[in-house]
Amino acid sequence: MNTKVLKTLEYNKIIEQLVSKTSSKMGKELSSSLVPYCDLATINNKQKETSQAATMILRRGSLALGGLKDIRASIKRLFIGGDLSQIELLNIGELLRVAKQVKAYAKSAKDTNTANNLDIIYGLFDAIELINPLYKEITRCIISEEEISDDASRELYNIRRQMKISNGKIKEHLNKIITSSTYKTMLQDPIITLRNDRYCVPVKQEYRGSFRGMIHDQSASGSTLFIEPISVVELNNKIKELFTKEKQEIEKILADLSSMCFIQKEELASNMKILTEIDFIFAKGELSIALNGTEPIFNDDKYINIKKGRHPLLDKNTVVPIDIHLGKDFTTLMITGPNTGGKTVTLKTVGLLTLMGQAGLHIPAFDKSQLTIFDDIFADIGDEQSIEQSLSTFSSHMTNIIDILQNATDNSLVLFDELGAGTDPTEGAALANAILENLHSKNVLTIATTHYSELKVYALSTEGVENACCEFDVNSLRPTYRLLIGIPGKSNAFAISKRLGLTDNIIEEAKQLLEHKEIRFEDLITELEISKKTTLLEKEKALRYSREAEELKNKVDVQRDKIQKQKDKLINEAKEEAYKILNNAKDEADNIIKSMNKLRTNTDNSKEMEIHRSKLRSSISSLEKDLSTGIKRRKTTTKSPKDLKQGDTVFVSTFNQKGTVLQPPNSKGDVLVQLGIMKTKVNIKNLSYVKSNEIDYKTKVPKTKNNISSKSMSISPEIDVRGRNVDEAIGELDKFLDDAYLSHLPQITIIHGKGTGVLRAGIHTFLKRVKYVKTYRIGNYGEGDSGVTIVEFK
C-alpha cells in the first residue's frame, strides 16, 4: 500500500486515535506501525481479534494495563548475563503484577460464563505465565526506585540497625556540645549538620583554634566553619563503614534478584510480548466501541457494499451516513452534484473505511457491510474545488493521474475528486472521459466526482458505469449529504439563484441561452430524482414493516415456548403427584393384606377380616378421589354412564381395569364396583360402559393358563426360597402369592429344593390355609420333581 494515500485519506489520524487507546510504550509502537494487510486470512484473523476484544470489554469492562513498562533493554542484559539495576527490577515486578492482573481479569470472565467464542483472546491469556516466586521476592525487597526494604536480607537489617544506633550516639554527643555553655559562644548556631556524609557543627571563624576537630566545609562568606568534633570522629568513621557495607549488601541483593530473573528470562520475554499484543488488541476493541464500529465482511468478488457508513473523523452525531455499493453491477461510479454536497466526504469515507478494514480495524457502518481486498488504493483528492484553479494545480493533479494510470491494476481502488477540473471545461471533460474509459477497460474499481454534464452522459451510455449524486434540498438551499445511486446530479443553479432573489426575467433569459436538449436532460434528472426518492421512501417503509413483523413473530415464538414450558411443568408435577399417591396407596394396601393374611393364618375371625377389607376399600376409594382431583385429565369424547344397574360391566379409568357394578350410584355419584377380589367405590365420572363383545387389550382378563395380563408382565411366575427356614420362607411366600394373585397369574412355581423335606412340608401346610389357592402339587419330571411345588389359583 503506497504511503501517499494513507496521508491523503487521513489514515494516520485513525492510527493516532488507536495509539491513544494503548497503555504501554510497546503497545503504542505496535499501534503506530499498523498498516493495511493484503491477505484475506490475515485480515479475517485481525478482525476477529478486534471483535473479541470489543466483546470482552462490553461484557467485563476495560482491561487495566497501566504500569506495563518497557523492559526490552533489561531482557537483552539478562540474556548476556548482566545484573539489573533497582529500577529495572522494579519494572520487571510491574510487568509481573500486570500479568497477574490480566490473569485475574480472564478468570473473572470465565467464572461468569462470558468467555464464549473468545478463543484468540483466551489463547493469549492462557499463554501468560505467572512467576509468583520472583514477583513476591522483588516486591519484598524493593519498595521504590530509591528504597530497598530493611527486610530484603538479614545482613541488611543488622547493618541498618547498627547505623541507627551509631547515629543516635553521635546526635546524643553533639547535642551535649551544642547545648553546653562552654561551646555556646563558639557556635554560629546550635544545630547539627551533615558535610561529606559526616556529622558537624557550625563554628565561628575566630574560634577555629579553640574548637578541636576536623574542618569539612565553610560558608560562602567564610565566617562559619563546619567542624567535625574530635570526640565523634570514630563514630563517624563507623557510620561511614556501615554505609559502605550497606551499599555492598544492596548490590548483593540486586545481584541475587538478577540471577532469579536470568533463570526466568524466557518467560519474562514471552510475557512482555504477549502483554504488548493484548494492549494493542484491546486498544482496537476500545476504538471500535468509540466509533460504534462493526466487523466488515471481506469477499474475493471485488465487491463493496457499505451500509450506513460514516466518516470516522467527523462527529458521529451530526454526520449523515451513506449507502454505497460498487463492483457487482458496475465498476465505475460517477458522483455529480453541487459543491459542499458531500461528494469529497463520500470518496474519503470509502477509501478510509477500506484501509481500516484491511488493517483489522472495525468500521463505523452497519453490521455485515462488505469490503474487498485491494493491493493498492490510489487517490487524487485536492482541497481546492473551484473552476478558478490555476494551471500549476492542474499540472499537479495531472502528474498524479498519470502515476495512477501507470500503476493501477484490476486489484486497485481509484478515487478521483473533481476529475478534469482546473482547465478548459470542454477539454477537461474530454480528458476525464478518456481517463475513466482507460480504467474501465482494465476493470479497475473507480469512484470519481465531477461537475461535467458530459460525464453524466458517459455514465448513462456506458455499460458498467453508474451515475450517483449527493442530494440537495432546493427549498432550504442546503445539501442533505445523502448519496443517491442511479441518478445523476444537478447543479441546481437556476433554482438556487431564484431562491436567493435573482429576478425571473434574468433566469428565463439564461434558460433561453441553453440548448433545448440540455434543458430536457436537466428536467429528466429532476424526474429521476423524484422517482428515486419515492422508491427509497417505499423501501424504507417496507423494511420497517418487515422488522415489525419479525419482532411480532419473535414475541409469539417466545410466548409459545413459555406456554409449552409451563404445560410441561404442570404435567410433570401432576405425574409426580400421581406416583406419590399410588405409592402411598400401594404401601397401605400391602400392609392391610399382610394383616389379613396373619388373621387368616392365626384365626377364623371373619368380623376382624371384614374390618380390614373395609379399610382397604376406603383406602382405594380415597386414592381414586385423590387421582380425580389432583390430576387434571385431558378431556375425551367418552361420556360417563347415567343409568347404571347392578351387574353392568364398566371400565374403571383410575385402575385401568374392567369391573362389575354391585350397587347403582348414590347421591354423590359414587358407585360400588367389584374389581377382581376387591370391592371399591368409584365416582361415576371415572366409569364408562363396556359392551360384552368389546375387546380391550389393556383390561382383558386371562382365560387360560397360558395367558397373562399386561400387569402380570412385571411379576415373576416363580419364587426361590431355598436356604431359608420355614418361617422366613412363608414370610416371603405370603407377599409373593398376594402379588401373583392380584396380577392374575394362573399359576406359580415355588422352588424349595429336596433336602430333608421339612421346608416343603411347612409350605404345603401354609398353602392349605390360603383361600384363593385352588390346588397345589409336586412338580413333574422336567418341572423340578419334588424340589418344586406348582400352585394354581382359583
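Placement of Cβ uses the backbone N, Cα and C atoms for every residue, glycine included.
Features of the protein shown, as given by TrEMBL:
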BINDING   Gly337, Pro338, Asn339, Thr340, Gly341, Gly342, Lys343, Thr344  ATP binding site
COILED    507-602  coiled coil
DOMAIN    719-794  domain 'Smr'
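Ranked by how many other Cβ atoms sit within 10 Å of their Cβ, the binding-site residues Gly342, Thr344 place Thr344 at the bottom.
Counting only same-chain residues six or more apart in sequence, the Cβ atoms lying under 8 angstroms from the Cβ of Lys343 (ATP binding site) belong to Ile335, Thr336, Gly337, Asp417, Thr449, Cys470.
Residue counts for the domain 'Smr' (719-794) under DSSP (helix as H, G, I; strand as E, B; rest coil) come to 31 helix, 19 strand, 26 coil. If you draw a 10 Å sphere around the CB of Gly337 (ATP binding site), it holds 26 other CB atoms from the protein chains shown.
Secondary structure at Gly342 (ATP binding site), as computed by DSSP, is coil. In this structure, Gly337 (ATP binding site) belongs to neither helix nor strand by DSSP; it is coil.
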